[in-house]
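Annotated features, as they stand in Swiss-Prot:
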- 31-36, 83-86, 118-127, Asp153: FMN binding site (BINDING)
- Arg399, Tyr400, Tyr401, Ser402, Cys417, Ala418, Val419, Tyr423, Gly427, Val428, Ala429, Thr430, Trp600: FAD binding site (BINDING)
- Thr458, Ser519, Arg520, Lys525, Val526, Tyr527, Val528, Gln529, Asp562: NADP(+) binding site (BINDING)
- 25-169: domain 'Flavodoxin-like' (DOMAIN)
- 224-425: domain 'FAD-binding FR-type' (DOMAIN)
Amino acid sequence: KLDQPAPSTQETSFIEKMKKTGRNIVVFYGSQTGTGEEFANRLSKDAHRYGMGSMAADPEEYDMSELSRLAEIGNSLAIFCMATYGEGDPTDNAQDFYDWLQETDGQLSGVNYPVFALGDKTYEHYNAMGAYVDKRLEELGAKRVFDLGMGDDDGNLEEDFVTWREQFWPAMCEHFGVEASGEDSSVRQYELKEHNDINMNKVYTGELGRLKSFETQKPPFDAKNPFLAPVTVNRKLNKAGELHKMHLEVDITGSKIRYESGDHVAVYPTNNTVIVNRLGQILGVDLDSVISLNNLDEESNKKHPFPCPTTYRTALTHYLDIIHPPRTNVLYELAQYATDLKDQENTDSMASSAPEGKALYQSFVLEDNRNILAILEDLPSLRPPIDHLCELMPRLQARYYSIASSSKVHPNSIHICAVLVEYXTKGVATTWLKYIRKSQFRLPFKASNPVIMVGPGTGIAPFMGFIQERGWLKESGKEVGETVLYCGCRHKEEDYLYQEELEQAHKKGALTKLNVAFSREQDQKVYVQHLLRKNKVDLWRQIHEDYAHIYICGDARNMARDVQTAFYEIAEELGGMTRTQATDYIKKLMTKGRYSQDVWS
């Protein structure tokens, strides 16, 4: 990065860009998995439908202190689509913006704004980032022109967004004195260019950044430049059960990739070739045609929806998410291509905010988990041009896994515990594109501090790395505190993950105590929280007297809450506290970094 020239003020000024291109609306997004960016693009597209000039913008690419100049543009509006990440934190691309908001005392009078927040109710800090931006902008003198929207990914995020958006635009039309008429027209963002005579060395084959980066792999490896890592071990962990829990080891020799126990590894999946081929067949196209989709807006920072030039086959295999159910905006744009009136009405209805349309989308698309291929197969007259479909589908996102190894013991490989919903070898690639994401999940600086790890099911993954590292420290002659694990599964003989490794670690003393809850082995279900209560005296000593660090990994919806409640109860009973005092006690442990969670819903 050192030899890259610093971007000029012109490039980092969204105000100059808006003035130059005649836009009055800017939609900023904080996005970790692509949804916030997708919603921002949809709002920007909406504005064009109403005849207003708009641009979606990544706050990381611009100087956000320029918000104070927004009033220089007549009828201006800044929309914020802000996702919350982790424990109430901003997304990576919104971190600098968040820091600026906290530190600035600049005046933002004359700035009109609304905020749509993206979050998940199962997490304690639900929509913390969106709520903070909404409140802080007002404190700095900006004017909220529409209520804060709250999107809940644990419920129906798409419906929350559509409902907010349907009320937002009529209010904005009134605010700007604009006629609300353009809603029915489809706006194309990209135009198709077919390359009949092109040097194939200039065609992308799945690379995310630099062309030919797979042939000449150069560090540093990150989201734009992932490492092509061979999978050296791929074995099934559970003996029975519906899900297939796999232990994978990927070779990172020569990559200079460094990782710590508790980090996440991001893996880019590829789509199933059967689905890709069937899409090509249904839409009647040669998937190996070389194409580019070029942005019709020449001033946009985003020249293409994915790396171009490429083939339809590469786009559908490596770049586009064709597996998840499509969002309503995709159906809205595709409805016009249905030649059968009934198919068109149904597709239109599912894209609307009418109660019956929402119910149809919920049952037909979400509950039945229909991807775009299934929808096209079920609506035989719906045959959109493939380039429009490629424009509309969201980008395929990396999947994050907790690393199940310690780099002290395994410096040249990364271990992963992954669940395959459908067990078929085609679901596991022989090479994986990957990079590392740092996490807050860290072993205590002082090895003499006890650690209490709670991780049922695949939540055990990061603790395999922790146990390996504590064992390594012990063998190196360090004083290591108690290492205590609470894990769980349904049946000992079916889905006890890493049984041999755990029993071996316990035998060698790397693991001081191994507590396993088998939930279905007896009449009364037993979960990890029951074992915590059972061992309350030991736990309270470890936490209150020996300064233990607590780590929770796994399901956010039930397990993490139930475990937290168990800790409250232990603090009440053995610490002589009220529930309020016990809650404050655990919150203080969180603030000090002694109670960490890596949870998902």
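Here the Cβ of each residue, glycine as well, is placed from N, Cα and C on the backbone.
Features per Swiss-Prot, on structure.
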| residue | record | Cβ contacts under 8 Å, 6 or more apart |
| --- | --- | --- |
| Gly34 | FMN binding site | Pro394, Arg395, Gln397 |
| Asp120 | FMN binding site | Thr84, Tyr126, Asp152, Asp153, Asp154, Ala556, Ser601 |
| Arg399 | FAD binding site | Ala266, Val267, Tyr268, Pro269 |
| Tyr401 | FAD binding site | His264, Val265, Val267, Ile416, Cys417, Ala418, Ala461 |
| Val419 | FAD binding site | Leu243, His244, Lys245, Met246, Thr458 |
| Arg520 | NADP(+) binding site | Arg490, His491 |
| Asp562 | NADP(+) binding site | Tyr527, Gln529 |
| Trp600 | FAD binding site | Gly554, Asp555, Ala556 |
Going by C-beta under 8 A and a gap of 6 or more residues, the same-chain neighbours of Val528 (NADP(+) binding site) are Val454, Pro456, Tyr486, Cys487, Gly488, Asn515, Ala517, Met559, Val563
In chain order, residues whose C-beta lies under 8 angstroms from the C-beta of Ser31 (FMN binding site), counting only those at least six residues away in the same chain, are Glu37, Glu38, Ala40, Cys81, Ala83, Thr91, Asn93
With neighbours defined as other CB atoms within 10 A, the best-packed of the binding-site residues Tyr123, Tyr126 is Tyr123
Using DSSP three-state counts, the residues of the domain 'Flavodoxin-like' (25-169) come to 64 helix, 34 strand, 47 coil
CA pair Gly86 (FMN binding site) / Val526 (NADP(+) binding site), Å rounded to integer, equals 28
Mean pLDDT across the domain 'Flavodoxin-like' (25-169) comes out at 95
Taking only the CA atoms, the spacing between Val526 (NADP(+) binding site) and Tyr123 (FMN binding site), expressed in whole angstrom, is 24
Counting every protein chain shown, other Cβ atoms within 10 Å of the Cβ of Thr458 (NADP(+) binding site) number 23
For Val526 (NADP(+) binding site), the number of neighbouring Cβ atoms whose distance to its own Cβ is within 10 Å equals 16
